[in-house]
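**Student:** What TrEMBL records for 55-284, 292-344 is domain 'Pyruvate phosphate dikinase AMP/ATP-binding'. Annotated domain 'PEP-utilising enzyme mobile' per TrEMBL: 408-487, in sequence order. Per TrEMBL, active site, tele-phosphohistidine intermediate is recorded for His439. The domain 'PEP-utilising enzyme C-terminal' annotation in TrEMBL covers 503-853. Summarising the annotation, TrEMBL assigns substrate binding site to Arg545, Arg601, Glu729, Gly750, Thr751, Asn752, Asp753. Look at TrEMBL and you will find Glu729, Asp753 tagged as Mg(2+) binding site. Positions annotated as active site, proton donor by TrEMBL: Cys815.
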Amino acid sequence: MKKVYSFNEGNKSMINLLGGKGGNLAEMTKIGLPIPEGIIISTQACKDYYKDGEKISKVLEDEILVKLDELQKQTGKNFGGKNPLLVSVRSGAPISMPGMMDTILNLGLNDKTAQYMIEVFKDSDFVYQSYYRFIQMFSEIVMGIDKEIFFDLKKEMLEKDNYTHQQLIKAGKEKYREITGHDFPEEPKEQLFMAINAIFKSWNNERAKIYRNIHKIDDNLGTAVVVQQMVFGNLNEKSGTGVAFTRDPSSGENHIFGEYLLKAQGEDIVAGIRTPEPIEKLKEQLPDVYIEFSKLAKKLEQHNKDMQDIEFTIENGKLYLLQTRNGKRSPYAAVKIAVDMVEEGLLTKEEAIMKVDASTLPQLLHGNFKQEAIEKAVLLGKGLPGSAGVAIGRVMFSAERADIRAMTILVREETSPEDIKGISLAQGIVTVKGGVTSHGAVVARGMGKCCVTGCAAIKINDIKREMYIGGYTVKEGDFISISGYTGEIYLGKVELSAPQFDKNLKKFVKWCQDIKRLKVRMNADTPADAKLGKSFGAEGIGLCRTEHMFFQKDKIWTIRQMILSNEPKEVKAALEKMHQMQKEDFKNIFTVVEEGTVIVRLLDPPLHEFLPKEAKDKQKMAEILGVSLEEIERRIVNLKDENPMLGHRGCRLAVTRPELYNMQARAIIEAAIECIKNGCTKLLPEIMLPLIIGAKELQFIKRNIEGEIKRVLQENNINIEYKIGTMMETPRACLLADEIARDVDFFSFGTNDLTQTTMGLSRDDSVKFMTEYYENGILKVEPFATIDERGVGKLVKLATELGRRTKPELEIGICGEHGGDPQSIDFFESVKLDYVSCSPFRVLVAIVAAAQAKLKAYKGIDYKWI
Ligand code: PEP
Ligand code: MG
């Protein structure tokens, strides 16, 4: 099989073999753009290199030499001889991959070819500068020598009285020998093979491996190598180099955006030593080149049907294109460009939908820090991105104090349901412990609040009310800025950019709604959440966590009374009060949703989570119940689980205390009756049971609540439609899904608990040891953020098949955190669930991801960032 290609032997569809750079250069050659000639050594050659024990085989070497010969003929130049051919050597994986070695320019120079170059160009300054740059780049990139050493050496040499270019070159080579113990390679072919070898090797350097791990890129893809004839942007004043986008990558505006430098080579643009000029200035400096560049840029954009990021070089007034790729853009620009391109007739709606990275969309709703401001800010530390968004506020270490001053960021070791009020008042939340599905993150996402979890670098001193992080002491009341996109925590206030939910986004989301198959519902526990999710397009509520309702206002004291009292009369009175409160809560939510499904999940957490923790609250409880503090403490200890996540929680509560779920079922149906009577005639209340482990358990609970519902309907002399369903959160429930399906109207996979129970990993503690799992390649993805398709996903698929076998009309969805994750949504589409449910701020993500999942699954439309 052929392993080395000329540019005119390939095209864009061969990117897996030729790499992104190589495939695009071949494509540009094919459509007649001015590209310096070159050759591509394929990714297959890289794979062989590893198979052969990290060696370039003789066969490959010969093939490269044959192609090199052709290149000399095409260009009329000689590699290592008179009229010298110099080349750039660059890596180019199928997916753009920072972390690998990048570019060597001017390869082929030695003392002899330098002289020949001077004969051709009649400019020794230019030639020696190019030569020294080559020595520096080769030393850095092939041998790993810090480039600063060569900058310093040059500075030192220039200060000498009798400085000559030749001396600088000699000193550079001596430095090379001093550090590597070898002579600098003089022979161009040896230089070339050393460079190719280094590129192949860099595929497996640590940085590249980590990058692949984070971005879920296959380790077996390999990289290609592009060897291209040099053109010289540093030749004279009519030469230069630049980078430009065909549209503004930040605003999406349809005009060329970029910069350039005259009399400069490749890396000068990014090196920051000279300040580049904005591309508009080229219009004045080299007007013909500007006009030609604009024309070619448009042509490339039309051809590739996407915004392009183009590198170019001008040699003595002639324009060359060196690279093009689909340009990275801000989420705002991504939506605008997609919508504009459909309106310009360049893309179909389906194609446009694939071009927006769904996971970045929350940034449009929350805003973000300005990039310039981040660069100047002091980074204190980094946790996990718990909930998207950014927040600026004063540090506060207690949820209770969070409401004393406005604009607080609650910093806690970990949050508990008791903190909910503090969380609702805070701008953002930081926790020292806990992963992305920990309580703090779930609640924050539900409220659309920014949250950083698991920032282990923080040490809180509660007594002094200060924390220590990144070498700084931050006192309660000091300002910090946090990013829920990156998990970063900055000192002070970092300047914000504005949120951008505009007409383009609305139009784009509408296209996605029209195309998707999966329904997108929201996880909402309050009327405010429900209103928000509805405004983003949620089709009803897929999960209303009723426990959250008890942490609002003073309701908590009623449930505490119900749990802690030993007096049947008191318990009954507390239950009745809870019933009234719940009915009110449900009425408020139903009224906002107005029509369609509202799935209310009955109480789930272990009872002790509701109980007082602080001494003064325990004292208050003792007074309410008229018992001693010691007695209260004893009762609290009795209710504590050794292993709360697998303890007395979920529907286990209803087996030991059926009156709890009965009360909730009554409240739901009574509230629905009132709302329906008030005009919400299309409302469909659905009752959901958590943590079911089998059919018998389900039947026991269902019998109780159905009896209660019947009583309510009789008392009101009315019949309304309602449904009863179950969460699927335990492996046993999934394995017995065919039996369970007989007694329910719907399944909803609680993938937070299902991941925890299937993998045997605590959703709150796994953050402590998971990093090593990713770093060592044991796990590719964070299983609480992206569904573990092979394990947990297998149970989802099996339970779906078993459930539908028993009851084809069974509605099946998912309401764990994975419901808002694009990659997981692809999986849920593939197993044909009916809906996903996620927090209000993820609804847009889910709508777009659901449309993309459908296009991928049914129309084969996909998109690759190159
Ligand atoms: C789940 O376990 O996936 C779920 C939605 O329930 P919770 O997060 O409330 O346990
Ligand atoms: Mg659960």
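Placed from the backbone N, Cα and C atoms, the Cβ positions cover glycine too.
Remember, TrEMBL labels are computer predictions, not curated facts.
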**Student:** Give the subset of the recorded positions His439, Arg545, Arg601, Thr751, Cys815 lying near ligand 2, defined as CB under 6 A from any of its atoms.
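**Tutor:** Listed by sequence, the hits amount to none.
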**Student:** Just name the most isolated of the binding-site residues Thr751, Asn752, going by other Cβ atoms within 10 Å of its Cβ.
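**Tutor:** Across Thr751, Asn752, these binding-site residues, the one with fewest Cβ atoms within 10 Å is Asn752.
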**Student:** Out of His439, Arg601, Cys815, which recorded positions have CB atoms lying under 6 Å from ligand 1?
**Tutor:** Cys815
**Student:** If you measure every Cα to Cα pair among Arg545, Arg601, Glu729, Gly750, Thr751, Asn752, Asp753, the residues listed for substrate, what is the largest value in Å?
**Tutor:** 15
**Student:** Roughly how many Å separate the Cα of Arg601 (substrate binding site) from that of His439 (active site, tele-phosphohistidine intermediate), to the nearest whole number?
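**Tutor:** Between the alpha carbons of Arg601 (substrate binding site) and His439 (active site, tele-phosphohistidine intermediate) there are 17 Å.
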**Student:** Fill in the CA-CA distance, Arg545 (substrate binding site) to the residue listed as 'active site, proton donor', as an integer in Å.
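**Tutor:** That comes out at 11 Å between the alpha carbons.
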**Student:** How many whole Å apart are the CA atoms of Cys815 (active site, proton donor) and Asn752 (substrate binding site)?
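**Tutor:** On Cα coordinates alone, these residues lie 9 Å apart.
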**Student:** Within 10 Å of the Cβ of Cys815 (active site, proton donor), how many other Cβ atoms can you find? Include all protein chains, please.
**Tutor:** 28
**Student:** Determine, to the nearest whole angstrom, how far the Cα atom of Asp753 (substrate binding site) is from the Cα atom of His439 (active site, tele-phosphohistidine intermediate).
**Tutor:** 12
**Student:** Counting Cβ atoms within 10 Å across all protein chains shown, which of the recorded positions His439, Arg545, Arg601 comes out on top?
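**Tutor:** When each Cβ's neighbours within 10 Å are tallied, Arg601 tops the list.
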**Student:** Which residues, sitting 6 or more apart from Glu729 (substrate binding site) on the same chain, put a CB under 8 Å from its CB?
**Tutor:** Gly650, Pro690, Leu691, Ile692, Phe749, Gly750, Asn752, Asp753, Leu754, Thr757
**Student:** Pop the Cα-Cα gap between His439 (active site, tele-phosphohistidine intermediate) and Thr751 (substrate binding site) into the table, whole Å please.
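**Tutor:** Counting only the Cα atoms, the answer is 15 Å.
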